[in-house]
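Before any comments, here is the structure.
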């Protein structure tokens, strides 16, 4: 009980940071069957309790094959802790005389409300109405009064409409990630390569950690409500952004290609949707739907499960198209200014190399979208929403995987060439602007001797996507595979330390450590250890605290690096010079004219840039 008090104490502090609401309530909208029995079936269930007016409003549709006198044993579980059981006898309760005795047949309660006694209201602690993502479940065993045997069992998850799933969290991380990448590109054009590399590394670390948290939410295991809500904040990074037009396009395309779109969201008024339980025994039917993993994420995002694949693809394609249009517009603006003689060397270099820069931007976009596109394309093979969608799902992962692996192999070959010719892996990678502009985004955050680590990262992301997408029906296998994968990644980055300096290695190793810890949490959430419920409840709170803290630290790092890169006259001075001497090899087009470039090339033995 002391542990439970500690959990509530932290949540009481947390609620001060969340938006306040004037309405206090506790509600439930799904009734789950927790015993293998056909004596009772629920098709729709909704209960709302508002303590301010002491009103309990409920509506219910179901079928019961129970007859005779019964009693009900009610147990409340709060963060896994079981509150002492209370027994209710309908024959001894005036307001439940209609259930004494029970009669077999349909039970239809359209909408009803009863007034709750003041003594009952006082027994409910005030914090139950305000803590975010209340992890509470009420379980009711219906027993025969004659024999004492359990006839059926139902349970309902309780909610108070407070959650850590806040639109502001998702928008904040998305905007800061975008601004970080933009500031990195701007800093690079000004010739501040060191600052640009650090800023790009910080932003990639933030974005990668955000995607890692989103992937945890896609695992097909039951998780505490706080974990589900927190990871839902970052599903935008997987392309799951609800846009009405996108949903219409997805539905139209699916119907046009022979698919049958899901209508679950439209049926929520008549269907109880049950988020996967630790030991769910209810089978899915037309009126009782169990969602897990990727489908659970889609339900929370208000996206039909048959539209999840196309939503991710369309959002990513639209984002890539917008970015490429911006690059094209910049080229047009630079061309106009060049005719008027108003462009500096940096923008002149961009104008002359804009096609190479555009390809480099495409590689950046492909790398950013690699994990989500791989997950949804592979998952589509298990869903088979339509034949045309399967074809699209087959083309995309092969194309983006091939492009990234080819780029990684080219980087490794160039690194080896540089070592053999110049005894320095950084020489070719950083002296050739074509190579740097096209593929630099993939290796600038690593030290030159570890540039090949990008191939490890690509393999890590693909294997992770493989288990998340294809392991939705085997959550234990999925969880164990994730634990092994994250453990190997943590060991690898701790031993190799591939990033460009000590600071960057420190927070990337911290990210790997938290990812491994998250995998351990998920293993416990899967129930393989059959631990008490209070353990899972506490772990859910710890998951939120640790991940929220690291996310905040990474956001602050990106903001600081972005501000210093933009307002500082010499942002490179805020960072130590790279030990791989990359700075001495980078041709700063912002500071050197064509004549000095030719002189530099001549001094290096007439080396000319290689076109890739």
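Heads up, the Cβ atoms here are built off N, Cα and C, so glycines get one too.
Automatic, uncurated: that is what TrEMBL annotation is.
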Could you check which of 287-307, 476-496 is flagged in TrEMBL as transmembrane segment? 476-496
Summarise the domain 'ML-like' (24-165) as counts of helix, strand and coil residues per DSSP. 19 helix, 76 strand, 47 coil
Same-chain residues at least 6 beyond the ends of the transmembrane segment (361-382) with CB under 8 Å of its CB atoms are 181, 207, 211, 215, 218, 237-239, 294, 308-309, 312-313, 316, 319-320, 323-324, 327, 389-390, 392-394, 396-397, 400-401, 403-404, 407, 438-439, 441-442, 458, 461-462, 464-466, 468-470, 472
In the same chain, who gets a Cβ under 8 Å from the transmembrane segment (476-496) while lying at least 6 residues past its ends? 219-221, 450, 453, 456, 460, 463-464, 467-468, 505, 508-509, 512-513, 515-516, 518-520, 522-523, 526, 528
Tertiary contacts of the transmembrane segment (448-470), as residues 6+ beyond its ends and Cβ separation under 8 Å: 215, 218-219, 293-294, 370-371, 374-379, 381-382, 401, 404-405, 408-409, 411-412, 415, 424-426, 429-430, 442, 477-478, 481-482, 485, 489, 492, 496-499, 580, 582
Contact ranking winner - 308-330, 508-528, 534-567 against the transmembrane segment (388-413), Cβ under 8 Å: 308-330
Beyond the flanks of the transmembrane segment (308-330) by 6 or more, those residues with Cβ under 8 Å of it: 238-243, 246-247, 249-250, 253-254, 294-295, 298, 350, 354, 357-358, 361-362, 365, 369, 372-373, 376-377, 379-380, 383, 385, 389, 392-393, 396
